[in-house]
Amino acid sequence: MAAPTLGHLVLTHLLVALLGMGSWAAVNGIWVELPVVVKHLPEGWSLPSYLSVVVALGNLGLLVVTLWRRLAPGKGERVPIQVVQVLSVVGTALLAPLWHHVAPVAGQLHSVAFLTLALVLALACCTSNVTFLPFLSHLPPPFLRSFFLGQGLSALLPCVLALVQGVGRLECSPAPTNGTSGPPLNFPERFPASTFYWALTALLVTSAAAFQGLLLLLPSLPSVTTGGAGPELPLGSPGAEEEEKEEEEALPLQEPPSQAAGTIPGPDPEAHQLFSAHGAFLLGLLAITSALTNGVLPAVQSFSCLPYGRLAYHLAVVLGSAANPLACFLAMGVLCRSLAGLVGLSLLGMLFGAYLMVLAILSPCPPLVGTTAGVVLVVLSWVLCLCVFSYVKVAASSLLHGGGRPALLAAGVAIQMGSLLGAGTMFPPTSIYHVFQSRKDCVDPCGP
């Protein structure tokens, strides 16, 4: 087999990155657009709690993929990937005209269209990792780096789009008679939510087109559609050299440095027991951090930020979402292998999380409300909290890599179960019992 040309390799890396861009762009886009839509939908400040539960329920898509593999063994990942991409494109395209439509449910108005389409997109995104990655397993390992780079773009690009859009502005005009606040004056964003969702749809169409391009670019690979073993790039080609380098870089993640040199040790029951305790601790850490970042804290983000204004909420959501891929890139260069270090970072993240939870409990009158210092503190706390927890999750997952596929599977289960438990725990206090309080525009509940 002839060595692929440099142009062929570059194009393949580009298409793989664009494929990764579409993996979580839909759900990330919904999250960063919350500061814009929350003021229009009937759930109000409780909308993030509803969305947390909806995204957690998206893991039901994994059952569908499992059923597909049982009923159609050996069919590969082409059809599931195309179904995921169609659901993502159609879901975001329908969000553009329908996101603001409401309907009565149990005697109360709810944003049925928004939440239903969010569930469809969550099903697609949660299924993407278990369909996209097996497809890429038929390509040489260097292409995985391009895929994860694309996954980072799936968070960064919606954030950039949201920053360009802005969040609008609210002014309270004084009434001429008694000097009290009059009706609020709303200044809109640079473009509406519908335009944002159309732009998000364009990103997903680009990702879907990239997958079709990969199928056309690699027509000689039967493994692309059949699920068989894929061919390797020829030795001596740029891709093969990069693959060897990739394997060398991945080696520290697979075994401790103390065992890298010397003979391979035989089975040791005590070492196995130690690894089990070590692995169980890492899995517990993954479950706790996922419960906090994917369930508990997002459910109260609006209550902790909106008392300081729409801009504070907007910046906390957008910059917090951007902190996630940045932490992942940091972990690729500097990986903490110490359990004590991971515990210390987790405690630091919990400290920020506790501060944010206190702000939410004290809503609508948290400390420093109405001051610039309050805005800076709440935004910085959200960014640092999510950045620290994201780094801990990546580091813990990397340390579990040495356990092979069973360990990574257990890590995925821990992350999803933690997210589901966190979202389910916070839904009753935020959306049913209304433990956290919101406030109306241009009404000061914190005055004397």
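Heads up, residue numbers simply count up from 1 along the chain you see.
Every residue, even glycine, has its Cβ placed from backbone N, Cα and C.
A quick note: this is a predicted structure, and the numbers were derived from the prediction, not measured.
What Swiss-Prot lists as transmembrane segment is 14-34 (among others), and the listing cites sequence analysis.
The transmembrane segment feature in Swiss-Prot is assigned to 47-67 (among others). Sequence-distant contacts of the transmembrane segment (47-67) (same chain, six or more residues past either end, CB-CB distance under 8 Å): 27, 30-31, 34, 37-38, 41, 80, 111, 115, 118-119, 121-127, 130-131, 294-295, 298-302, 416, 419-420, 422-424, 426-427, 430-431.
Taken from Swiss-Prot, the feature transmembrane segment applies to 79-99 (among others), supported by sequence analysis. Same-chain neighbours of the transmembrane segment (79-99): 22, 25-26, 29-30, 37, 65, 68, 72, 111, 113-114, 117, 120-121, 123-125, 127-128, 131-132, 135, 193-195, 197-198, 200-201, 204-205, 207-208, 211, counting only residues six or more beyond its ends whose CB sits under 8 Å from a CB of the stretch.
What Swiss-Prot lists as transmembrane segment is 105-125 (among others), and the listing cites sequence analysis. Long-range Cβ contacts of the transmembrane segment (105-125) within its own chain (Cβ-Cβ under 8 Å, at least 6 residues beyond either end) map to 23-24, 26-27, 30, 37, 41-43, 47, 50-51, 54-58, 60-61, 64, 84-85, 87-88, 90-92, 94-95, 98-99.
Annotation source Swiss-Prot lists transmembrane segment at 147-167 (among others). Long-range neighbours of the transmembrane segment (147-167) within the same chain, counting only residues 6 or more positions beyond its ends whose Cβ lies under 8 Å from a Cβ of the stretch, are 16-25, 28-29, 32-33, 35-36, 132-133, 136, 189-191, 195-196, 199-200, 203, 310-311, 313-314, 317-319, 321-322, 324-325, 328-329.
According to Swiss-Prot, the feature N-linked glycosylation site maps to ASN178, an assignment based on sequence analysis.
Sequence annotations record features per position, and here Swiss-Prot assigns transmembrane segment to 198-218 (among others).
Here Swiss-Prot flags 228-267 as region 'Disordered'.
The compositional bias 'Acidic residues' annotation in Swiss-Prot covers 240-250.
Per Swiss-Prot, the feature transmembrane segment maps to 280-300 (among others). Outside the transmembrane segment (280-300), and at least 6 residues removed from its termini, the chain residues within Cβ reach (under 8 Å) are 31, 48-49, 51-52, 55-56, 339, 342-343, 346, 349-350, 353, 356-357, 360, 385-386, 389-390, 392-393, 396-397, 399-400, 410-411, 414-427, 430, 436.
Annotation comment: Swiss-Prot describes 315-335 (among others) as transmembrane segment.
Residues or ranges marked as transmembrane segment in Swiss-Prot: 342-362 (among others).
If you look up Swiss-Prot, you'll see 369-389 (among others) marked as transmembrane segment, on the strength of sequence analysis. Remote same-chain residues near the transmembrane segment (369-389) are listed as 289, 292-293, 297, 301, 304-305, 307-309, 311-312, 315-317, 319-321, 323-324, 326-327, 345-346, 348-349, 352-353, 355-356, 359, 446 (criterion: CB distance under 8 Å, separation of at least six residues from the stretch ends).
According to Swiss-Prot, the feature transmembrane segment maps to 407-427 (among others), an assignment based on sequence analysis. Long-range contacts of the transmembrane segment (407-427) within its own chain (CB-CB distance under 8 A, at least 6 residues past either end) are made by residues 49-50, 52-53, 55-57, 59, 62, 126, 129, 279, 282-284, 286-292, 294-296, 299-300, 393, 396-397, 400-401.
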Recorded stretch that, among 14-34, 198-218, 342-362, has the most CB pairs under 8 Å to the transmembrane segment (315-335): 14-34
